[in-house]
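Asks: Sharing a structure below in structure tokens format, with a few things to ask.
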Amino acid sequence: MAGGQLQVLGALDLAKTQWYHFTAIVIAGMGFFTDAYDLFCISLVTKLLGRIYYFDPSSTSPGTLPPNVSAAVTGVAFCGTLSGQLFFGWLGDKLGRKKVYGMTLMLMVICSIASGLSFGHTAKGVIATLCFFRFWLGFGIGGDYPLSATIMSEYANKKTRGAFIAAVFAMQGFGILTGGIVAIIISAAFKRHFDAPAYKDDRAGSTVPEADYIWRTILMLGALPAAMTYYWRMKMPETARYTALVAKNAKQAASDMSKVLQVDIVEEQEKVEQLTMKEANKFGLFSKEFARRHGLHLLGTTTTWFLLDIAFYSQNLFQKDIFSAIGWLPKADTMNAIEEVFRIARAQTLIALCGTVPGYWFTVAFIDTVGRFTIQLMGFFFMTVFILGLAIPYHHWTTKGNHIGFIIMYALTFFFANFGPNSTTFIVPAEIFPARLRSTCHGISAAAGKAGAIVGAFGFLYAAQSKDPAKRDKGYPAGIGVRNALFVLAASNLLGMIFTFLVPESKGKSLEEISGENEDEDQIDSAAAYNRTVPV
């Protein structure tokens, strides 16, 4: 440990795992649970929205959202998330983590409810209102990324910090899973009470008017976990690292952490002044000094998150299209509207249960022994391998009798995304930057990830379309097909593997040791040079 370490920060670094650690994981994690539920539940109901609002009685296939509308409904929340990550990340460093934390949660609660109440006399009106509220929902969700990661990293001890941040992020898996389960329960209940014929038997009758309540209920239920967490978020004290190193209030930091850790901590105002007056703790985000010390680190965290999210979100958001393409879901005209929601939700829940959720918890178990760098490199490698395993013999997977093999391979790509870069890209930016820029840099890295998600969500929608007009979704231009789109995803994972070499290992070190906040100039120079080239 560096000699200049404050007692309050040293106490946090060396603290045994206590009840407050688990409280912090749940409080921060419920935000992520809500984030995942809200972002992914839209993919469960887009086909239903098409049937309700874009029904064409003369068509032999059910109504679908036009390409531009589908892209807007699916991607608008990501645009909001990207903006929120940059804005709230910056605000978290300016006003403090705690002050901004409540704002993001209230925004999520209000906009989840408002999304379900989207109104309008025409289809365009309803979809436009939905898109408006989902943008602001995304804006609130965006703030949760840098704030939750930063708060957890600043509360945790150095021995198990990776596992604690990973556990917060792992709640995303439960959010996706819950989204699917909620959709299954609601659609099953409606199916029981409002039985309807298949589309091919009765085009108008296959979508009962009550089906409109299904998507609204699913979206609105996203407000529940966020609302339940609000009180506890407001009770959390500000992190000691922000209070001491950024707000320069040693007394408050010592007082807050004495209550949390239940030990006596000496306030060291003089030492705080000395630390914050060092040149090492004065440079800004756009300075040459930041570029010299952390420039390559920021490039590494942004590029790896960007490349990961291209693959991760394009697969997750368009699972239903892939399932249809391989014949795992029946043809749309053989089902009524409610049956289709049920089938899509069931397929997505199965993937979450088998591939998504376990991967997150493998990361929690192994990150502080194996290390961030190794897990990220391994994850990108196996994602590349399994996506190529889907793409090269794609025609084999789409023939009858081979669908189960496809699902297993597909689930394995998700497993290694989550026991890999999807977790580590979230963890590392919360550890390797100085306290006064930590939330901002995490926000920038996360925003790069969401830019990748937008590329994946919008790009894959068009790219995966078949060259054969008979197999193409209505209104879409010819794409490169699912097989070639999978090759593109494999290439982005391979690039992610290469850029991982820019990201330093942060396992087992204090945050100040990693960022160089306590070090002298010559120590920082040697550490920076070392971190730039070699994963420690």
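Each Cβ is built from the backbone N, Cα and C atoms, and glycine gets one as well.
All TrEMBL annotations are machine predictions without curation.
Bear in mind that the values here come from a model prediction, so they are computed numbers and not experimental data.
Just lifted these from TrEMBL, have a look:
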type	residues	note
TRANSMEM	20-49	transmembrane segment
DOMAIN	24-508	domain 'Major facilitator superfamily (MFS) profile'
TRANSMEM	69-88	transmembrane segment
TRANSMEM	100-119	transmembrane segment
TRANSMEM	163-190	transmembrane segment
TRANSMEM	213-232	transmembrane segment
TRANSMEM	350-367	transmembrane segment
TRANSMEM	373-392	transmembrane segment
TRANSMEM	404-423	transmembrane segment
TRANSMEM	443-464	transmembrane segment
TRANSMEM	485-503	transmembrane segment
Asks: Spell out yes or no: are there three or more C-beta pairs under 8 angstroms between the transmembrane segment (100-119) and the transmembrane segment (213-232), with each pair 6 or more apart in sequence?
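Replies: Answer yes, regions in contact.
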Asks: Who are the long-range neighbours of the transmembrane segment (404-423) in its own chain, taking Cβ under 8 Å and residues 6 or more past its ends?
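Replies: Sequence-remote neighbours of the transmembrane segment (404-423) are 166, 169-170, 173, 304-305, 308, 311-312, 315-316, 322, 326, 328, 350-351, 354-360, 362-363, 366-367, 375-376, 378-380, 382-383, 386-387, 389-390, 397-398, 496, 500.
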Asks: As a test of reading the model: what is the averaged pLDDT for the domain 'Major facilitator superfamily (MFS) profile' (24-508)?
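Replies: Mean pLDDT, the domain 'Major facilitator superfamily (MFS) profile' (24-508): 88.
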Asks: Given a Cβ distance threshold of under 8 angstroms, which distant residues of the chain, six or more beyond its ends, lie next to the transmembrane segment (163-190)?
Replies: 21, 24-25, 28-30, 32-37, 40-41, 44-45, 148-149, 152-153, 155-156, 210-211, 213-214, 217-218, 221, 316, 338-339, 341-342, 344-346, 348-349, 352-353, 356-357, 359-361, 363-365, 367-368, 418, 423, 426-427, 430-431
Asks: Same chain only, please: residues at least 6 beyond the ends of the transmembrane segment (350-367) with a C-beta under 8 Å from a C-beta of the stretch. Say none if there are none.
Replies: 162-163, 166-167, 169-170, 172-174, 176-177, 180, 319, 375, 407, 410-420, 422-424, 427, 507
Asks: Where else in the chain does the transmembrane segment (485-503) make close Cβ contacts, counting only residues six or more beyond its ends and a cut-off under 8 Å?
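Replies: Same-chain contacts beyond the flanks: 296-297, 299-301, 303-304, 307-308, 310-311, 314-315, 372-373, 376-377, 380-381, 383-384, 387-388, 390-391, 394, 421, 428, 432, 460, 463-464, 479, 532, 535.
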